[in-house]
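Taken from Swiss-Prot as is:
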type: BINDING; residues: Thr230, Ala231, Glu232, Glu284, Ser384; note: L-serine binding site
type: BINDING; residues: Arg261, Ser262, Glu263, Glu348, Ile349, Ser350, Ser351; note: ATP binding site
Amino acid sequence: MLDLKRIRTDFETVAQKLATRGVSEDSLNHLKELDEKRRQLLVSSEELKAERNLSSAAIAQAKRNKEDASQQIAEMQKMSADIKAIDAELAEIDEKVTEIITVLPNTPHDSVPVGADEDDNVEIRRWGTPREFDFEIKAHWDLGEDLDILDWERGAKVTGARFLFYKNLGARLERALYNFMLDEHAKEGYQEIITPYMVNHDSMFGTGQYPKFKEDTFELKDSNFVLIPTAEVPLTNYYRGEILDGKDLPINFTAMSPSFRSEAGSAGRDTRGLIRLHQFHKVEMVKFAKPEESYEELEKMTANAENILQKLNLPYRVLALCTGDMGFSAAKTYDLEVWIPAQNTYREISSCSNTEDFQARRAQIRYRDEADGKVKLLHTLNGSGLAVGRTVAAILENYQNEDGSVTIPEVLRPYMGGAEMISPK
């Protein structure tokens, strides 16, 4: 959530930055008008309360002197009624302010490229060279079925579209991947966490999913629970409402969890395969950092995600997302896209973001600065390290062989009992 004081004191800058994210100045002007009205009413309310206190003292004195205080009592009753009316108007304005400010996205960092959509993202670097095949390659969904390791037909029967069963060495490959990812992040100083897979509405608000993106989630009916769309939500909210010791920062968390997404608005996109599912595993990284260190931590987090792809020897590229393509809470985001041979393109496999104090303000996560003793909002960061199903897709396609088999990447073999190949039965 943006700082209302910042909007008030630096309106033009905030308006200019949000315009690059598609926010009209009209909504900001309305917010500014409401804020000004609110401040005027607060002044009026305080003045009336001060007058009422004086009147109350005068009435008490008149009664002690056995003087008639009926006029003063009537005036005080009118003041009380006026205060009540102002308080009611303030509550109404506060509600309107909340409605606007809670759906405004974060302001982009100065280094973020300005653009409308994914076409305006800027490629930063590439790693690895896409393999040249001398045979007709298969898509990962065909490989999965031919190798008897992925079953979409029964997934659709048991649940519905965009669900599947992993089986045999497919299940083991998935498990090997997330164990490998967690182990790699642990080496980099991340604390491993097993989170709840349901959170309450306050947690969804804290990380910015609620109220704006409610339609993208799976809520449990007649409850305060939501299935997590990412482990970012429980990990970030771990410290919601707390004050941390500055000397303990940065704090790094990692967790593997299922992620549940309704994929509202994705009809017709990636209807086959592992790219877009309602339920998938993802290894998440979350950091809590001091403001002056958060962009250095973003580079480290991105490197941690890249490390996984490099050790798996999967070609990828890194993009700096433009203002029009960034997520709601992000101030800056790097996307990692892995090479998918059957689609002859790179597809997103990780997104690493610095939200600055946007989530911390919503979730009230603060730290005590050891330098001056003051309590301040910290910065939160989050990143995929990696989306496991998409990594399975990338391995199946990049490591496929002419005979229909798939070679298991060397770093995963210790996690798969030494198996080197997934072969057709």
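Note: Cβ is positioned from N, Cα and C throughout, glycine not excepted.
Taking the features listed in Swiss-Prot, we show where each one sits on the structure.
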residue : record                : Cβ contacts under 8 Å, 6 or more apart
Thr230  : L-serine binding site : Ser257, Ser259, Lys282, Glu284, Asn382
Glu232  : L-serine binding site : Thr207, Glu284, Val286, Asn382
Arg261  : ATP binding site      : Asp216, Thr217, Pro229, Leu277, His278, Gln279
Ser262  : ATP binding site      : Glu215, Asp216, Thr217, Phe218, His278
Glu263  : ATP binding site      : Arg162, Asp216, Arg276, His278
Ile349  : ATP binding site      : Leu309, Tyr316, Leu336, Glu337, Val338, Ser384, Leu386, Ala387, Arg390, Thr391, Ala394
Ser350  : ATP binding site      : Ala305, Asp335, Leu336, Gly383, Ser384, Gly385, Leu386, Ala387
Ser351  : ATP binding site      : Leu321, Gly327, Thr333, Tyr334, Asp335, Leu336, Gly383, Ser384
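Sorted by the number of other CB atoms within 10 A, the binding-site residues Glu284, Glu348 start with Glu348, the lowest.
In this view, Ala231 (L-serine binding site) is surrounded by 28 other Cβ atoms within 10 Å of its Cβ, with every protein chain counted. In three-state terms derived from DSSP, Ala231 (L-serine binding site) belongs to neither a helical nor a strand segment and is classed as coil.
Separating the Cα atoms of Glu348 (ATP binding site) and Ala231 (L-serine binding site) is a whole-number distance of 18 Å. Apart from Thr230, Ala231, Glu232, Glu284, Ser384, the L-serine site neighbourhood in this chain, defined by C-beta within 8 angstroms of the site C-beta centre, holds Val233, Leu235, Ala255, Ser257, Ser259, Lys282, Val283, Met285, Val286, Asn382, Gly383.
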